Each structure stands twice: as structure tokens, then as C-alpha cells.
Amino acid sequence: MSDNTSTATQSTPLLQDTFTVGSRTFSSRLLVGTGKYKDMTETGAAIGASAAEIVTVAIRRTNIGQNSNEPNLLDVISPDKYTILPNTAGCFDAETAIRTCKLARELLGGHNLVKLEVLGDEKTLYPNVMETLKAAKVLIDDGFEVMVYTSDDPIVAQELESMGCVAIMPLGSLIGSGLGLLNRHTLSLIIENAKVPVLVDAGVGTASDAAIAMELGCDGVLMNSAIANAQNPVMMAQAMKHAVWAGRQAFLAGRMPMRKMATASSPQTGYFFQ
């Protein structure tokens, strides 16, 4: 997001460093998913440890009231405590994604904040940009606040923002790959140009990946596999919380310039012994 490129002053406490998505404002810049955990208990414990405020839910794969005979995720992740972010994971065309968002709005009593993802194929889970653009327009016209999963193409990101998407969510690398941020330069271009929040979505594997995303100037990071697939998900959730915080603080502080040659830390004059 372009207005985040200046460094913070000492009069800007990090505790007051919020960000706004559509009509909602948040303090935690870590967003988490709910899939791949071994059970509901682990899901709740890990999400609690992350201190996330936004929790994303795959409507086509997770019961949030569609089936009264199955455990309801909302019994563990309460909408009274978290902002539930329905997503369209598993959708491969605009029509299915639109229908899924409308179902989510019905199940959540008119909730209009959604995460749109329209996938290209099952092997890469790379975004289908054309179908994403098509779905985004319909949803925005229908009153949804759309956070959108997309490629790392700065031109596509600008188009989605121009359409009215409230957050741009470029992938760091393939969903669930844990490969980290393979595209830092293009991510930086998206961040510099954007006037809405930019959040890395997909590819984070460990805490350093999250910190790097925030150091680049991202407004937040969304992850699921990096926590759920860890040997200790609750501990990893805590690590990610601290990594996002540290990366954001480093960005606001302003890193030192990179130099090709050494620069001594101590003065080069006034030696005791010549």
C-alpha cells in the first residue's frame, strides 16, 4: 500500500498501527486459515495462539451451518471473537465463485467481506486471472467487499484495485508449497502502486518468510499450511505472530541502506595508537 512507504516516528506506537480493509479496521496483520488441522481442538488452539483477528474459511469444504449433522467450525471460531472471511477455495470459474460468496453471505447473516480466489488448475492452484476479474466485477456490483487472490502481475493488481477490490492478495509462491517469496521485486511493485492493502497470500513456509513479506511493505500476510502442517502448529502460530510483528516494525523503522563495500562501525580517526 503506497501510503505505508514512509517510516514511522517515535510518536507512532506500533500498538496503534492498524490497517483498514473495506469498512473494517484491524490490529493484527496476520490472517490465518482453518484447513489441514488434525481436529477442531488443534484448530482453535493454533488460531488463538496466532492472535489473528481475521480467520478465513473455505465455504465449499468447511461446515459453518450448511450441514446440521456435522461439527460446525463456528462453534470453535466464533464470529463474536473473529472476523470470518469466507473464501472461494476450490472454485475454477467465476460462476461457481460468485455462487459460493452468495451462500456465505446467507450463512453469515449478510456478511459481505469475502476472499475471492478462482483457480486455474488443480496442479498449480495458480489464479485464473480472467475468471477472477469477471467474478470480482459481479461481486462488487452486488455489494461485496472483495479481497482478491491474484498473480504477482502489477498490471492485474492495478486493474483489480480500479474495479473496487478492497485488498490485493498476490501469491508469494504456489499455495501450500512453503517455498516462500519467490517474487520479491514484483511484489514490491504491487505494494508501491497500491492504494488499498496488499497482503501476501500463499507460499509462506516459515517465520522468516512472513517477516520478509512485512519488511517489503506488505500490509499483512495470510497463511494456513505453514501453521497447520508444522510439527507443532500452536508453537508455529506464535512464531508467525512475532514474525509479522517484527517484520512490520522493521519496515516502519526503515532499514539501513545496502552498500557494495564495507563501512566501519567505529570512527576512523582519533586512534589511541597510531
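Glycine too: its Cβ is placed from the backbone N, Cα and C atoms.
Remember, it's a predicted structure, so these values are computed and weren't measured experimentally.
The 1-deoxy-D-xylulose 5-phosphate site recorded in Swiss-Prot comprises A202, G203, N224, S225 together with one of G176, G247, G254, namely G176. The record gives G176, A202, G203, N224, S225 for 1-deoxy-D-xylulose 5-phosphate. Within 8 Å of the mean position of their Cβ atoms, the other Cβ atoms in that chain belong to L174, I175, S177, G178, V204, M223, A226. Under the DSSP three-state reduction, S225 (1-deoxy-D-xylulose 5-phosphate binding site) is assigned to helix. Once the Cα atoms of G176, A202, G203, N224, S225, the listed binders of 1-deoxy-D-xylulose 5-phosphate, are compared pairwise, the greatest separation found is 10 Å. Cα spacing between K115 (active site, schiff-base intermediate with DXP) and S225 (1-deoxy-D-xylulose 5-phosphate binding site): 17 Å, rounded to the nearest whole number.
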